[in-house]
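To start, the structure under review is shown below, and the notes come after it.
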Amino acid sequence: MAKIVKVIGREIIDSRGNPTVEAEVHLEGGFVGLAAAPSGASTGSREALELRDGDKSRFLGKGVLKAVAAVNNEIAQAIVGKEGCAQSEIDQTMIDLDGTENKSKFGANAILAVSLATAKAAAASKGLPLYAYIAELNGTPGVYSMPLPMMNIINGGEHADNNVDIQEFMIQPIGAKTLREALRIGAEVFHNLAKVLKAKGLSTAVGDEGGFAPNLASNADALACIKEAVENAGYVLGKDITLAMDCASSEFYNKENGLYEMKGEGKSFTSQEFTHYLENLCKEYPIVSIEDGQDESDWDGFAYQTKILGDKVQLVGDDLFVTNTKILKEGIEKGIANSILIKFNQIGSLTETLAAIKMAKDAGYTAVISHRSGETEDATIADLAVGTAAGQIKTGSMSRSDRIAKYNQLIRIEEALGEMAPFLGLKAIKGQA
């Protein structure tokens, strides 16, 4: 066993040019873990707090020196001397020291960076790859799978400066036999989509997550462009590739009148009408997964949507559940959605993240491991997806090195594990096995 001897926090830059927190945890024996906190654009109101300085003279108020100071002072003083492998104890120490419901004293960005850096240092001290150590922490040592990628190839909503209301249009290469093959298929469709958009005189500029961000007449147009790209790449939509969407509905939900206002299309829907709008898209295209298909507070709308679509479509709660076991437990009891999106920084520690994945799986929900729109070269989510055998991962498109870092780490892991980590493909998606 190796004790923590030093903790260092620093301000680094994320993929959107904003500061974020990086933590370095040193153990006895010279073992070091380095981790950075990601940052979201479309955020759930009940997420753990990302602490920003608010000093307009630095980074337009988005500096994180307060969170870094918490790492270097209070957090460091509290955990130096503790065993590096005592992950849950270290996480709980930080949570208790913060003392707030949403980690607003130190910031979830500070606590998470230290939590993940600790896990990396501990894995190194045990001579284990991070995914193997995560599997041990998860209580499932040696149980792995390679995740099916949800590849966000058209960006809209808060992730792009365009008129497309739905935030993410994704492809899932279900016909692949391996993760590496899935990435090849995704790349081929991505490049063909660029050609399709250019031929239509549309922009091939990319959004925060590496997908294209053209102005389109409708959400159905985005799906039609993807269909054309899939076919041009030589694949069959529905057989080789299925589709997924992240509506991020809270971003266009008007709380005053209770309507979903899709300004890009000039349409407004009631809660039930929006479910049927999505249902019609699912009839026209092989959409097998929909994320945040209602506003985070519209639980009646989610219940109706689950009743209408839940037996044939994976309904993923992101802003709905915010990786929080208290909220997820209530959702499970009420039969809301059937899957959860897992984002480390929504809850703020590795221990709490693993608890959310376990609760979801125990209830028959799927868990989709996810990046944020503001990312770094940190690829921990790749190891999390494999080490928990989650089955699915969302980490952007086939461009931007902050996204590709995760895919490349998955390639390395698949190579190392071979048959020990099966690629589940379509079977990983709720309702599709």
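Keep in mind that glycine also has a Cβ here, set from the backbone N, Cα and C atoms.
Fair warning: this is a prediction, and the values are worked out from it, not measured in the lab.
Quick look at what Swiss-Prot lists:
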ACT_SITE  Glu209  active site, proton donor
ACT_SITE  Lys343  active site, proton acceptor
BINDING   Gln167, Lys343, Arg372, Ser373, Lys394  (2R)-2-phosphoglycerate binding site
BINDING   Asp246, Glu291, Asp318  Mg(2+) binding site
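Here the binding-site residues are Gln167, Ser373; the one with the fewest Cβ atoms within 10 Å of its Cβ is Ser373. Here Asp246 (Mg(2+) binding site) is compared against the recorded positions Gln167, Glu209, Arg372, Ser373, and the shortest C-alpha distance is to Gln167.
Counting every protein chain shown, 27 other Cβ atoms lie within 10 Å of the Cβ of Arg372 ((2R)-2-phosphoglycerate binding site). Of Glu209, Glu291, Lys343, all annotated as recorded positions, the residue with the shortest Cα distance to Ser373 ((2R)-2-phosphoglycerate binding site) is Glu209.
Here the CA atom of Asp318 (Mg(2+) binding site) lies 8 Å from the CA atom of Lys343 (active site, proton acceptor). The separation of Glu291 (Mg(2+) binding site) from Gln167 ((2R)-2-phosphoglycerate binding site), Cα to Cα, is 10 Å. The secondary structure of Glu291 (Mg(2+) binding site), as reduced to three states from DSSP, is extended strand. Rounded to the nearest whole angstrom, the C-alpha distance between Arg372 ((2R)-2-phosphoglycerate binding site) and Glu209 (active site, proton donor) is 8.
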